[in-house]
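Here the structure is laid out as structure tokens; the discussion comes afterwards.
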Amino acid sequence: MEATSTAATSDKQRSSIHALPVLQDNIIWIWIKGNQAVVVDPAIAEPVKTWLRTRKLSLAAVLQTHHHADHIGGTLELLRDWPNAAVVAAAEDRDRIPFQTISVRDRDKVSLLNSSVEVLAVAGHTRAHIAYYLPTNKEDLEDPAVFCGDTLFGAGCGRLFEGTAEDMFKALQRLSCLPAKTRVYCAHEYTEANLRWASALHPEDVAISERLADVSSRRQRGALSLPSSISEEQRTNLFVRAQSSKELAELRHHKDQWRN
């Protein structure tokens, strides 16, 4: 199962972003341009190695959004095969991602595949969680893109393992301020379950009901629900729609207790 968002795959010098589903619900995103690839949050290595070698691609860099094992578990093995690949991660997480080679902080910019990638601090799920934003480049990506790890999900957000509701509220508000057409590349396929929860809370909400029907149909066909867009999350994501950190905390508590 593979989903692709691309500007122009017929032109090998333009970027394309591909999904590699692994484990139960992880999605490893692979951004390619020419014969180079950037891999985001590789939970495990073997499927990534196979995917890259089949396409005769070289690993240029790994982007790490946070330190959890299902996001960094495959990185060291990938580095054994591509020892010159960079590993970009939060400087604040140097103790938990010690193999990082490019340590970044909020608003830093990193040049990858001849594009400028902006780092966004989005604490909440973990204290040092970051996202990576690729602005629009009409000669490359048609739409902006954000790799947001476990901060923003399709119709949901990450659990608050280290941060507070205030942290998450600020992180989601920040992501929500990105251009509406920004493509959202999160790290887990949770969209359908999140929408079922949202629909149970707001059965009268037409936008949520319509998105749930669309996502359920896609999943039944074996397709992914992702990437989504910032505008779609603004319409149908209750956490993004929250008006305060207090409201977000109440929603997060309710979702944590909810069983489909």
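One is the number of the first residue shown, and numbering goes on along the chain from there.
Glycine too: its Cβ is placed from the backbone N, Cα and C atoms.
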Task: From ASP108, ASP143, ASP150, the one annotated by Swiss-Prot with ASP70, HIS71, HIS188 for Zn(2+) 2 - done: ASP150
- [ ] Tell me the Cβ contacts of HIS68 (Zn(2+) 1 binding site) under 8 Å, same chain only and six or more apart in sequence, or just say none.
- [x] THR126, ASP150
Task: 8 Å Cβ shell about ASP70, HIS71, ASP150, HIS188 centroid, Zn(2+) 2 site members excluded - done: ASN26, ASP41, ALA43, THR65, HIS66, HIS68, GLY149, ALA187
Task: Cβ neighbour count (within 10 Å, all chains shown) around HIS125 (Zn(2+) 1 binding site) - done: 26
- [ ] Give me the Cα-Cα distance between HIS188 (Zn(2+) 2 binding site) and HIS66 (Zn(2+) 1 binding site), rounded to a whole Å.
- [x] 14
Task: Between ASP70 (Zn(2+) 2 binding site) and HIS125 (Zn(2+) 1 binding site), the C-alpha gap once rounded to whole angstrom - done: 14
